[in-house]
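Here's the structure, in structure tokens; my notes come after.
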Amino acid sequence: MTSSSSSPITFTLLLLLSLLVALNPNPSLASTGSNINTNDIVTQYSTYVRNACNVTRYNRLCVRTLWPFAIVARNNTSKWARASVAVTITDTKRVLRLLLKTQRSAVGESERIALSDCRELFVDSLDNLYKSLAVLRTLNADEFQRQISDLATWLSAALTDDDTCLDGFEETSSRTRTVRMVRRKATKCMRLCSNALALLKKLAFDGL
């Protein structure tokens, strides 16, 4: 990780750690707070997120989007998978809002159709992501294999939806600023979904 990318991570982790110490009702923790080596702690949490993201194709994007969850997720594979789906949901909703806005100002029939089709695909993708998040919140050993199978189906479908949206823009001759912006944001969303699927595969391998 470069210094430019790790700097905001370090700052926010330090801020979160300070808040945890300040808000912790345990006096012993507060009294020993000055003895905590914050640099070592930040390094440890950075290691957690880097280790989690090692299995992903878009590693830098994974680290950048998931590091706020390091304090909670640590070495818990299921928490990392859940966090990645939650992040993808947030980004998918942003893309949907953008598609709704840009569809009204589309230039030409081919652009309007591409934006409309993309919106339908992202609606379906969001539905699959929500179903995935619901299951990730209720994982249990007795149903784990079935749950993993369902999750793989839904996340793969969400990724296919994102890919199909991008393919639609390849087929249109429109290269307006609107199309370029939507493609850029949809590409990020597709990559987040790919990372979520990779983390799910790690969860399937590691187990609960």
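Cβ coordinates are placed from backbone N, Cα and C, and glycine is handled just like the others.
As the structure is a computational prediction, the values presented were derived from the model and not from experiment.
The feature disulfide bond is assigned by Swiss-Prot to Cys53-Cys62, Cys118-Cys165, with similarity to another entry given as support. The annotation N-linked glycosylation site is assigned in Swiss-Prot to Asn54, Asn75. Residues annotated as signal peptide in Swiss-Prot: 1-30.
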Sparsest-packed among the disulfide-bonded residues, when each Cβ's other Cβ atoms within 10 Å are tallied, from Cys53, Cys62, Cys165: Cys53
Reduced DSSP assignment, Cys62 (disulfide bond): helix
Cα-Cα distance linking Cys62 (disulfide bond) and Cys165 (disulfide bond), given in Å to the nearest integer: 22
